[in-house]
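According to TrEMBL, the protein carries these features:
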DOMAIN    A:20-201  domain 'Nitrile hydratase alpha/Thiocyanate hydrolase gamma'
BINDING   A:Cys112, A:Cys115, A:Ser116, A:Cys117  Fe(3+) binding site
Amino acid sequence: MSDHDHDHDHDHPQYSELSEMEAKVRALETLLTEKGLVDRAALDAVVERYEKEVGPHNGAQVVAKAWTDADYRRWLLEDADAAIASLGHVGRQGEHMVALENTPERHNMVVCTLCSCYPWPVLGLPPVWYKSPAYRSKVVIDPRGVLADFGVSLPEGTEIKVWDSTAEMRYLVIPLRPEGTDGMSEERLAELVTRDSMIGTGLVHAPSGAAR
Amino acid sequence: MNGVHDTGGMQGFGPVLPEPGEPPFHAEWERRAFAITLALGALGLWNIDQMRHERESLPPAEYLASSYYRIWFRAVENAVRELELLDREGLRARTAEELTGLFSSRSSYERRIGAGPVFRAGQPVRTRTINPSGHTRLPRYARGRVGTVLAVRGAHVFPDRHAVPLGQEPDPTPEWLYTVEFRAEELWGQDADPTVTVSIDAWEPYLEAA
């Protein structure tokens with residue numbers, strides 16, 4: 001039948017959306033390139049920047065420095081823009097940084113319920129779960145439930161503070177430094193810091209065997 | 001607008017599903033859609049508030065059923081069509097150096113303002129009950145609620161005025177911006193977890209003295 005392929009697509013919506021998107025995006029890119037509105041090398045460069053260069057390792061460096069250098073920690077909490085820029089992490093979606101300090105009494109979590117606001121220069125591009133309706137809807141009404149989804153349970157009575165990024169302020173959580181990491185170098189500590197711990201959906205753990 | 005993008009406090013989306021070792025992109029078209037969005041945005045034909053409004057204006061069922069970069073791409077497609085970009089002359093693509101330069105530098109929406117802030121840190125405030133049909137950054141779950149000003153963040157371009165329809169001249173007049181904290185009971189009722197607080201960043205027109 002002539003419309004067999006059409007029916008076939010409807011049987012496999014996921015497959016069909018994928019191939020439909022590949023075709024549509026490629027078609028628009030070709031048109032925009034021919035009209036001189038985008039430059040392919042510029043598209044490649046910006047993908048390269050956000051896929052390879054900017055990522056949570058930047059934020060991990062900030063956190064590790066805050067853990068090991070009391071003056072830097074103070075500066076970060078008072079003027080996060082300047083303290084983060086001093087390590088070279090500057091760019092779009094990180095113009096107005098605020099560092100949120102976790103303590104044994106208080107745990108911070110960051111969300112954007114309206115879209116996907118996220119501190120690109122220190123964390124890179126947000127993961128799919130951060131942009132998902134599941135996370136955006138739930139974390140403001142049931143943050144402990146979200147932590148459970150991540151396998152994290154905080155002691156009862158720990159205050160939880162959720163920061164909804166509704167403007168251009170961008171938040172970076174400074175997680176608790178794990179026990180058993182005394183004397184570790186800044187570089188080694190940075191390797192322990194996970195992206196999720198800097199959003200507030202994770203905790204930082206010492207490597208197994210490190211605690212004595 | 002009271003759109004489906006305004007998700008805070010909705011229920012029934014299921015658990016959050018973290019993906020171990022998640023890559024920045026899951027398909028080649030996501031890379032290209034992301035880059036096209038940034039490259040076209042850098043032409044200066046629209047601002048970020050207008051593009052956010054384009055995304056949240058997609059039909060609700062489509063918005064919820066779409067992956068994130070599909071939402072981005074659909075919004076850009078609509079903007080290209082609406083502004084008839086493919087028929088315009090005189091626009092020049094940003095080069096690789098220009099584009100990466102733009103995205104590795106600051107582009108603040110903070111502006112000078114004549115009047116001082118009406119509210120100060122520590123002061124109780126009530127968010128207004130508003131239902132604008134255009135773009136707003138006051139989420140539904142935090143309207144008509146009493147909270148406390150945690151911080152005054154400077155004066156910033158006000159998105160509700162900045163997100164004019166594509167092709168029109170945006171109004172960049174700033175307003176004071178505050179971080180306002182609410183106890184969970186104020187937002188969700190007396191059964192809410194008493195250890196939880198939620199804050200939003202709210203422009204002065206969203207607030208009144210409480």
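Including glycine, each Cβ sits where the backbone N, Cα and C put it.
Structure with TrEMBL features highlighted.
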residue: A:Cys112; record: Fe(3+) binding site; Cβ neighbours (10 Å): 22
residue: A:Cys115; record: Fe(3+) binding site; Cβ neighbours (10 Å): 21
residue: A:Ser116; record: Fe(3+) binding site; Cβ neighbours (10 Å): 20
residue: A:Cys117; record: Fe(3+) binding site; Cβ neighbours (10 Å): 25
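Excluding A:Cys112, A:Cys115, A:Ser116, A:Cys117, which define the Fe(3+) site, the same chain contributes A:Leu114, A:Tyr118, A:Pro126, A:Lys131, A:Ser165 within 8 Å (Cβ to the Cβ centroid), listed in sequence order. With an 8 Å limit on C-beta distances, the binding-site residues from A:Cys112, A:Cys115, A:Cys117 that reach chain B are A:Cys115. Across the domain 'Nitrile hydratase alpha/Thiocyanate hydrolase gamma' (A:20-201), the model assigns an average pLDDT of 97.
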